[in-house]
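Here is what Swiss-Prot records for this protein:
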| type | residues | note |
| --- | --- | --- |
| MOD_RES | Ser81 | phosphoserine |
| MOTIF | 90-99 | motif 'Nuclear export signal' |
| MOD_RES | Ser91 | phosphoserine |
| MOD_RES | Ser104 | phosphoserine |
| REGION | 119-141 | region 'Disordered' |
| REGION | 137-300 | region 'DNA-binding region' |
| DOMAIN | 400-550 | domain 'SF3 helicase' |
| BINDING | Gly426, Pro427, Pro428, Asn429, Thr430, Gly431, Lys432, Ser433 | ATP binding site |
| CROSSLNK | Lys507 | SUMO cross-link |
| REGION | 574-597 | region 'Disordered' |
Amino acid sequence: MAARKGTDSETEDGGWVLIEADCSEVDSADETSENASNVSDLVDNASIAETQGLSLQLFQQQELTECEEQLQQLKRKFVQSPQSRDLCSLSPQLASISLTPRTSKKVKKQLFATDSGIQSSNEADDSLEGQRQVEPLPGREENGADALFKVRDKRAFLYSKFKSSFGISFTDLTRVYNSDKTCSSDWVVCLYHVSDDRREAGKTLLQDHCEYFFLHSMGFCTLLLLCLFVPKCRNTLFKLCRSLFHISNVQMLADPPKTRSPAVALYWYKKGFASGTFTHGELPSWIAQQTLITHHLAAEKTFDLSEMVQWAYDNDLKDESEIAYKYAALAETDENALAFLKSNNQPKHVKDCATMCRYYKKAEMKRLSMSQWIDERCKATDDGPGDWKEVVKFLRHQGIEFILFLADFKRFLRGRPKKNCLVFWGPPNTGKSMFCMSLLSFLHGVVISYVNSKSHFWLQPLTEGKMGLLDDATRPCWLYIDTYLRNALDGNTFSVDCKHKAPLQLKCPPLLITTNVNVCGDEKFKYLRSRCSFFHFPQEFPLDDNGNPGFQLNDQSWASFFKRFWKHLDLSDPEDGEDGETQRGLRLTARGTTESV
């Protein structure tokens, strides 16, 4: 039988395996393990609990540091740094200086907000820190004037304070004056942080400068409505307020009120009856007209053209621009003028008024004789410096015999045929034009000019006056007169072509002509010699050292001349009324109830 594989376990000791272990000493085993550990240095003999505690503390420190960095970056976005705050307090202009361009970063919408988990734990601390930044410390609150000086936009600060105090915006009551030198008689002023003593004193001091003023105070703001005696600009008004209330310019707002706003007028009217409001003087007209019933009913009056024509006729106004300007200036006192300004057809009304006034004046002039017309002009002339001797002295200075001039002048005024034209000729600078122009100005005559001879209507002004003047007639002008105007110089009826009208037939008014041409010595104009009276002016017109004329020829001088030689000129006596009173002037409007009584 073959032998079995493997060890032979039949023996007691099992072959080479020891059944029992030999005992050894413990110290020798420990030394062997220590020597093996020191040599290899591969095993950490530290306790597991101690190692876990150190790693947890390190992790917490790292998380706290990271959280503080994120919080600091977040604060930089929303909290102004102390350095920039100090810089802005020193000078607001430095805040606008930047080396890098400023771009506004738009915050994008975030669907999922990231949360570190630390913000919730520090929420209480952050809220307390924010409260400490906003709330001022007790006992260190600044007054309103100091806060105004430190704020960047002072005007916006005053606007906000005014609206919070009075419940209405300052710009709702005023209209803007961009220039500080534009004058106005009405001003709305807001004063900030005025002392009570100065405010009470201002109620008395403002009476010397204003015909009406309104003063109301709410908190630190004082509202003023000033209607000054003399219009002032904003700079002058600020200077006045500084002297009265002892405040600076930054504590004041001033703009003129909205005078055409019914809401603003009603605000001032109702505010005048409120408690704590002080007013002085009569209510301004622009407030009364928009609030009081009597003024409101008067403003509803319709425009009456006849009243405007009557006013222009009484003031002897015929120019359209002059009528429009002067009548508009009466809107504050005249109800019809106010209705004229509210009308949408002002140019048409002005044109119609000027046309009707010219028609009435022309008809009145034609109705009067030359004697009556001269008498009317003498009455209308003011009693100023003027003497008839000035006219006589000037004629004698030119070597003209006064008796002969008076005889020809008498026939000239009467319009006698062949004596209807006076010609003053001579060298230049002898006073020919001055003499004739002064007489024409007194009698309100008309001027014709040969420069318009190419037009068919250049003689049309002769239909509008009692006397005409052709100044500085040259040789071509005399040729034209010799060819076409002989019958006009005779004083007979001739035809004048008028614009937009049929040719008009009229008697030529007395005509004055000044010229440098000697018509008497030229045989070519021999047919004009018998139709004109000629006066030669050989002497140069005298002037004093200051360049003033040596003879005062004005309206007063001619009025005195006609009064002095009224009988010598065979002028008829002025026609009076039945009872010796002068005739009543033209009346274009119906009489009122009080006037008829």
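Just so you know, the numbers here start at 1 and follow the chain as drawn.
Placed from the backbone N, Cα and C atoms, the Cβ positions cover glycine too.
What Swiss-Prot annotates, mapped onto the structure for a quick look.
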residue	record	DSSP class
Gly426	ATP binding site	coil
Gly431	ATP binding site	coil
Lys507	SUMO cross-link	strand
Checklist outcome for this item: The number of other Cβ atoms within 10 Å of the Cβ of Pro428 (ATP binding site), counted over all protein chains shown, is 10
Next on the checklist: With every protein chain in view, what's the tally of Cβ atoms within 10 Å of the Cβ of Gly426 (ATP binding site), excluding that atom itself?
Outcome noted: 19
Checklist entry - Cα distance, Lys507 (SUMO cross-link) to Pro428 (ATP binding site), nearest Å? => result 32
Item to check | the residue listed as 'SUMO cross-link' and Gly431 (ATP binding site), distance between Cα atoms, whole Å | outcome: 29
Checklist entry - So among the recorded positions Lys432, Lys507, who's got the most Cβ atoms within 10 Å? => result Lys432
Checklist entry - If you average pLDDT over the domain 'SF3 helicase' (400-550), what do you get? => result 91
Next on the checklist: Using the alpha carbons only, what distance in Å do you get between Asn429 (ATP binding site) and the residue listed as 'SUMO cross-link' once rounded?
Outcome noted: 33
Checklist outcome for this item: With the fewest other Cβ atoms within 10 Å, the residue among the binding-site residues Asn429, Thr430, Ser433 is Asn429
Checklist outcome for this item: Note on ATP: the CB centroid of Gly426, Pro427, Pro428, Asn429, Thr430, Gly431, Lys432, Ser433 has further same-chain residues inside 8 Å, namely Thr514, Asn516, Phe537, Glu540, Phe541
Checklist entry - Just counting, how many other CB atoms are there within 10 A of the CB of Gly431 (ATP binding site)? => result 23
Checklist entry - Between Gly426 (ATP binding site) and Lys507 (SUMO cross-link), what is the CA-CA distance rounded to a whole number of Å? => result 29
Item to check | For Pro427 (ATP binding site), nearby residues of its own chain (Cβ under 8 Å, 6 or more apart in sequence) | outcome: Asn516, Phe537, Pro538, Glu540
